[in-house]
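According to Swiss-Prot, the protein has these features:
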type    : residues                               : note
BINDING : G31, R32, S33, G34, A35, G36, K37, T38 : ATP binding site
DOMAIN  : 1-228                                  : domain 'ABC transporter'
DOMAIN  : 289-356                                : domain 'Mop'
Amino acid sequence: MLNINIEKQLGQLQLKVNTQLPLQGVTAVFGRSGAGKTSLVNLLGGLTTPDKGEISLGDTLLFKHKTVNLPPEKRRIGYVFQEARLFPHYSVNGNLTYGMRHKTPELFDKVVSLLGIEKLLSRYPSTLSGGEKQRVAIGRALLTSPQMLLMDEPLASLDLPRKRELLPYLQTLAQELKLPIVYVSHSLDEILQLADHMLVLHQGKMIAQGPLTQVWNSEQMRPWVPLQELSSLLSARIADRHPDYPMTRLLMDDGNQLWVSGQLPPTHKQLKVRIQANHVSVCTEEPKGSSVRNLLRGKIKELYPSDNGEQIQLKIALGKDELWANITPWARDELQLIPGKAIYAQIKGVTMTQMDIAESH
């Protein structure tokens, strides 16, 4: 485990985090600007020093107040910043090999292949696109043979086409490398595609931490997501494809099924499916003759009025999964919706695209 129990005064912000993170998969650190995300990873990487506390990575003690403070180069932690920070006078090959602990051709070839940078090795940073620079920066960090990788919003400085270019490489790294990654982001799109676990910071304090789906659907997460962007993550597996239409059928653990747009590639892995709360409607009886392809049976768990009183955020239990729906107070009163009541949730199949679906690692 990555054990963190630290405090740091940062101007008016006091960062205080006490938690354990798994040494496998991708842990996303999420929060608004100024929440302390970058400050936390700087403390983990040794770029800044806590005022008190302790940090350990597995059996290695990285920091203990007044007794141990390993410098960054001794922590065996790779760091990828928002900007690539490549050496302009080195070629891509020179940047990659700078700082390599062991000159092993096998590791070099594997990293270069995973990142798709074989054809860039002789070029210089000034000739690379933003996405290419970040791929080289990631490769350089990996070739130091780290025990953990810190990534501080590596897509933040890129435009949308470059983000789309780089994201598949990050997905491949997350799936192929047996290396824990702490990934800072304020983008839920990135977190959906990459993360297995999630830690939420607010004003320097941790307000939620755990498996991605659990935190994403939690009440703690709800206040930090704009009302119109509230969504749920459901777990499902591919069952089959429709023989006549470009749609794929997914099966949930509770027996409900989901039809989603597109012919998804076969996989035995569990999928994470994002559903926007504004795309969910509810009814108390099974509808007949509807164009809506998805009808999920569940029970009302909780109802939360929005701050302005214009909407109700309805949480629906679907076995172990949970689904958010935005409804009006009128609908709540007319349908007599209360906790424990059995209902049907309707979701149009066309609202879930491949950008809303990701494999669990």
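Cβ atoms here come from the backbone N, Cα and C positions, even for glycine.
The Cβ of K37 (ATP binding site) lies under 8 Å from the Cβ of V29, F30, G31, D152, V184, H186, L201, each on the same chain and at least six residues away in sequence. Within 10 Å of the C-beta of A35 (ATP binding site) we count 23 further C-beta atoms, all protein chains included. Listed in chain order, the residues near the ATP site other than G31, R32, S33, G34, A35, G36, K37, T38 are S39, H186, L201, each with its Cβ within 8 Å of the site Cβ centroid.
Of the binding-site residues S33, T38, T38 has the largest number of other Cβ atoms within 10 Å of its own Cβ. Considering only the binding-site residues G31, G34, G36, the Cβ with the fewest other Cβ atoms within 10 Å is that of G34. DSSP assigns G31 (ATP binding site) to coil in the three-state reduction, outside any helix or strand.
Residues within less than 8 Å, Cβ to Cβ, of R32 (ATP binding site) and separated from it by at least 6 positions along the same chain comprise H186, H202, W224. In the predicted structure, the domain 'ABC transporter' (1-228) carries a mean pLDDT of 91. The secondary structure of G36 (ATP binding site), as reduced to three states from DSSP, is coil rather than helix or strand. In terms of DSSP helix, strand and coil, the domain 'Mop' (289-356) has 13 helix, 32 strand, 23 coil.
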